[in-house]
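Participant: Let me begin by handing over the structure; questions about it come next.
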Amino acid sequence: MTVTKMSWRPQYRSSKFRNVYGKVANREHCFDGIPITKNVHDNHFCAVNAKFLAIVTESAGGGSFLVIPLEQTGRIEPNYPKVCGHQGNVLDIKWNPFIENIIASCSEDTSVRIWEIPEGGLKRNMTEAVLELYGHSRRVGLVEWHPTSNNILFSAGYDYKVLIWNLDIGEPVKMIDCHTDVILCMSFNTDGSLLSTTCKDKKLRVIEPRSGKVLQEASCKNHRVTRVVFLGNVKRLLTTGVSRWNTRQIALWDQEDLAMPLIEEEIDGLSGLLFPFYDADTHMLYLAGKGDGNIRYYEISTEKPYLNYLMEFRSPAPQKGLGVMPKHGLDVSACEVFRFYKLVTLKGLIEPISMIVPRRSETYQEDIYPMTPGIEPALTPDEWLSGMNRDPILMSLKEGYKKGSKVVFKAPIREKKSVVVNGIDLLENVPPRTENELLRMFFRQQDEIRRLKDELSQKDIRIRQLQLELKNLRNSPKNN
């Protein structure tokens, strides 16, 4: 299979999405005054659903995030209640796709936590999670909900392991242990029967998640992969990464043969990470660069040239991350097909950006809103774990997009105990520390030594002062 380089010239072709444009919300419909985290971890630090917007915030001592009802736009008060139960920085947050007030978070404190947000949002700080999940021996960088089964959650840690949690029992039930370095990204196919990962060991993998078996593996020497996304049901993967000349690059792969990418395309020479987003309903791919303000978008086809460039949304304000509104939360009356929530750190601002198909008619546009995955799970955790696969339950956005889910979350009652998966006690079998972790420990110890030296120095000075005062008292005329 040969690799074809694509020209950057836009190819004009008949497409209903050729004139899609990005529309930034008015300032009063943005979220302002938010102390967005300054953490450099390559995540979005933002999650959104049809009810709430969640943003990881800067905090002293432990990690926290805000949860704001979507209608509560404008300036957010500095003392606005936070979710603040983690002992370390929060690295990722994701809403449950089937229960809109349940959110998962993971942290440097090695835990994954499940939170239940009350209707209408928080009235006071929330410190108690409905579930605390311990199984990783290092910080946890990623969490992902299974796309069709309720209460199945995946977490990836810096111990190079992916744990699959059954939240019905609050325990890890499977462990994927094929990675040799930090996992950078996880993506599911439509029915959740396959998991694709990118890893710091420069390998792209397609994995059967229940068995942990690696079905396909690519060693990406010329295209260092950072992010991966399944392109719906067309048996394709798209990765973003860096070329051997340190330019930003995308590659398209056949998921059943990762020997060579179908195409590679260089994007630009900027250094920020490229985040890919795919909309299976419109077959549109969006590429957003971390640290710049542009969002490029393409239409994906099953035949060559596969990627058809459409347009580019430009903005001078750099984005730290982007949240994406699920389909049932879009404004179909405005022909909105995608909505980003852009984190602008320098301004403390969250800016909604709507991608709109220009149409004159105000009636429901069925050709741009096909049946889409809804808010009802297709499988129970036990069904999925037993080997069943089922496509998502679809919904129409014409009538059903305002209906609430009937699914409720019930936290299991658990006792603290050892965490055994695949015959291994995860909390006992700790992998060797990485060089970065050792350096961090070394610098922490150095800081602690300096602090103790300063304390001793202060105490020494105080002792001398007391000795001098005592000597002066003894030599004073009254004592004579």
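Keep in mind that glycine also has a Cβ here, set from the backbone N, Cα and C atoms.
Any TrEMBL annotation is an automated prediction that lacks curation.
Note that this is a predicted model, so its numbers are computed, not measured.
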Participant: Please identify the range among 197-224, 449-476 that TrEMBL labels coiled coil.
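Facilitator: Comparing 197-224, 449-476 with TrEMBL, coiled coil matches 449-476.
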Participant: Tally of helix, strand and coil residues over the repeat 'WD' (83-125) according to DSSP?
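Facilitator: DSSP composition of the repeat 'WD' (83-125): 0 helix, 22 strand, 21 coil.
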Participant: Within the repeat 'WD' (133-175), how many residues are helix, strand or coil going by DSSP?
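Facilitator: Output for the repeat 'WD' (133-175) reads 0 helix, 25 strand, 18 coil.
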